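Input: a single structure, listed below in structure tokens.
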Amino acid sequence: MSNFRIALCGNPNTGKSTLFNALTGLKQHTGNWAGKTVEMKKGVYTYKNDQYEIVDLPGTYSLYSNSLDEEIARDFIVFGNPDITIVILDATALERNLNLALQVLEMTNRVIICINLIDEAEKLGININEKLLMRRLGVPVIKISARNKTGIPMLLDTVSRVISGVIQCTPFQIEYDEETERKIKILEPMIDRIVGHDISARWLSLRLLDGDRQLFEQIEERKARNREVLINGATFHKTKTGIK
Amino acid sequence: MELHSTKQKQALNELFQEADLLSSTQIRDQIVGQLYRKSHQLVKEGVSFTKNKFDHRTEKLDAIFTSPVFGFPIMLVMLGVVFYLTIAGANIPSSMLAELFGWVEGYLTLFFTELNAPDWLHGVLVLGLYRGTSWVISVMLPPMAIFFPTFALLENYGYLPRVAFNMDRLFKTVGAHGKQSLTMAMGFGCNAAAIMSSRIIESPRERMLAILTNNFVPCNGRWGTLIVLASLFMATGFTGGMKTIVTTSVIVGIVLFGIIITFLVSWVLSKTALKGVPTHYTLELPPYRKPKFFDTVIRSSLNKSWSVLVRAVKVAAPAGILTWILANIQAGDSSILLHIVQFLDPLGQAIGLDGFILMAFLIGLPANEIVLPILLMGYLSTGALIDVDGIEDLKKIFIDQGWTWLTALNMMLFSLLHYPCGTTLVNIYKETKSAKWTFWSFIIPTGIAFFVTFLIAQLARILNWV
């Protein structure tokens, strides 16, 4: 029995909280309006003897940290060490929703894309070829209806298989114009040296080109804190053995 | 260790310098542009449409709900309907609950006499704790159990974003953010939660406006006070259905007054301390979705009502005990409570209230839910105990204490406008991280509350209305 952590992100009003409720059974009110989840809600479910902690991130349209919500969501995906990030998309507004998915694919390796409200889309005559999207995006794409609880078993199974490595993700990386790509190439090795491999250097380069210095200061802060914990932990260990 | 971190800083600075050289102002546009092109391409490849005709229901409904002509009247009617249902539906269960609790209290008293328990114990536990809590429950539970589900149904149907859409222009005019109407809507439930929900507003300036003015939306804790006072004093000449309609109109009027004050305060602040131009934002109007009726009703009435109630009771119980103790410990010729009341009385009289009411608002700082019960306990501690069997009996107590319609109106206004409750203040501090702004969020409403009630009281007295 192991513990895993799942981050759940998506645009506002895509049924994120409904999926969260369906998975965890934790009762929580979901409203039909933008920006309902302002705090992160946590819930737990078990699947095949493994325990999954699922975190419901605030609904956002992008992850460029324009607002506190976006910053909370971004920070959790990058620093919260989720074993997997589920991006939930509204099947009836796929084009707008895909923007967020593409951003998440740049940030982290293990992603599942979940197309929700598929029942509504079918009613509207929208047919989505998830196999094609899966090939293009390099990560599992699953159609669900969180309201009617269809597609959930498939989702749970995929989550466990991605985490165990049975399914390999190769998230699609957007190719930018030549100018931007050249700049990324210059910054990437520098960032690699400073930050290490934990966070995608390509994504960090993009963020830096966009002027997000605060993100780097935050990384430094987190590192410093980690070192401190490490040192304190070591001294604590020493005294303990000393007593022995 | 030190060396390490300075080296690291140096590397970081070099990186920043390099990035500054490479960065240009169009880079964000290029990134986002590329994202959109890719999304568009993916959808073109992976999505096909079998039906050509779209569902036009949402557009048709939006043409009505957000129309420049019908938008506002419909909003008013919706607000009225929600309050009407709440008031009309809450009356009978409220008095039934009060009766039930009164009946139980008789047996509790009997039980204490059986045990030969000392008087003070009976006083603290039954007259203080039990009575305080049971009043809170009987006054608050029924309106809550109706208001929350009705509101949640409107919310889940998708009507609230339309309200935000309608209100947007008004907020823009006063220099605030359109999403402030969403935080206001949250405020109807609980101001403390609404303060948290203000995170959906990106710009710190506009967020501060939303935080500072949220209190002018009466929260659930104040509904009880407003509804009881309105139905007791504002619709005296009416009976039956008409009575409920008049009460509803008074409540709607109070809510509108709160909204006007919100606009006024936002406008003044955005011209002075929080200068700036409102930012742009995208407001998504989701399709209208038929809410899952029973799910919504059960979840919101059970969960929300229950959690608010638990909070109320948690505060009401100690406050009830405190009030009883204050009223029963003698200092000099009268109880401590009366000393406080006498001290506050001149100020209270000046704004059309009295010392007891101000004392109740003071003790009620942790939660607005308990203001009315505390007030009743204060009044009852002065004279012979009256059995309160129903809501109507309350009126007798108030009249005995010299209440007029002015007292009721000003208490309603004071309740609407005064300082936020303790939980809200704590949340404001947590969200703004600023003692200064928390202080202002206390002072601005309180100042307005005193000013407005003072004005009305003086005016009514000069014109001989009371």
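Glycine is no exception: its Cβ is also placed from the backbone N, Cα and C atoms.
As recorded in TrEMBL:
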- B:139-229: domain 'Nucleoside transporter/FeoB GTPase Gate' (DOMAIN)
- B:251-299: domain 'Ferrous iron transport protein B C-terminal' (DOMAIN)
- B:310-433: domain 'Nucleoside transporter/FeoB GTPase Gate' (DOMAIN)
- B:63-87: transmembrane segment (TRANSMEM)
- B:135-160: transmembrane segment (TRANSMEM)
- B:221-238: transmembrane segment (TRANSMEM)
- B:250-269: transmembrane segment (TRANSMEM)
- B:402-419: transmembrane segment (TRANSMEM)
- B:439-460: transmembrane segment (TRANSMEM)
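Helix, strand and coil content of the domain 'Nucleoside transporter/FeoB GTPase Gate' (B:310-433), in residues and according to DSSP, is 92 helix, 4 strand, 28 coil.
In terms of C-beta pairs under 8 Å, the stretch of B:135-160, B:221-238, B:250-269, B:402-419 lying closest in packing to the transmembrane segment (B:63-87) is B:135-160.
Here the transmembrane segment (B:402-419) lies next to the transmembrane segment (B:221-238) in space: the count of CB pairs under 8 Å, restricted to residues six or more apart, reaches at least 3.
Helix, strand and coil residue tallies for the domain 'Nucleoside transporter/FeoB GTPase Gate' (B:139-229), in that order: 77 helix, 0 strand, 14 coil [DSSP]. Here the transmembrane segment (B:221-238) has long-range neighbours at 86-87, 90-91, 136, 139-140, 143-144, 147, 190, 244-247, 250-251, 254, 308, 312, 367-369, 371-372, 391-392, 394-395, 398, 403, 405, 407-409, 411-412, 415-416, 421, meaning same-chain residues at least 6 beyond its ends whose C-beta is under 8 angstroms from one of its own. When pLDDT is averaged over the domain 'Nucleoside transporter/FeoB GTPase Gate' (B:139-229), the result is 85. Each residue in the domain 'Ferrous iron transport protein B C-terminal' (B:251-299) gets a DSSP state, and the totals come to 28 helix, 0 strand, 21 coil.
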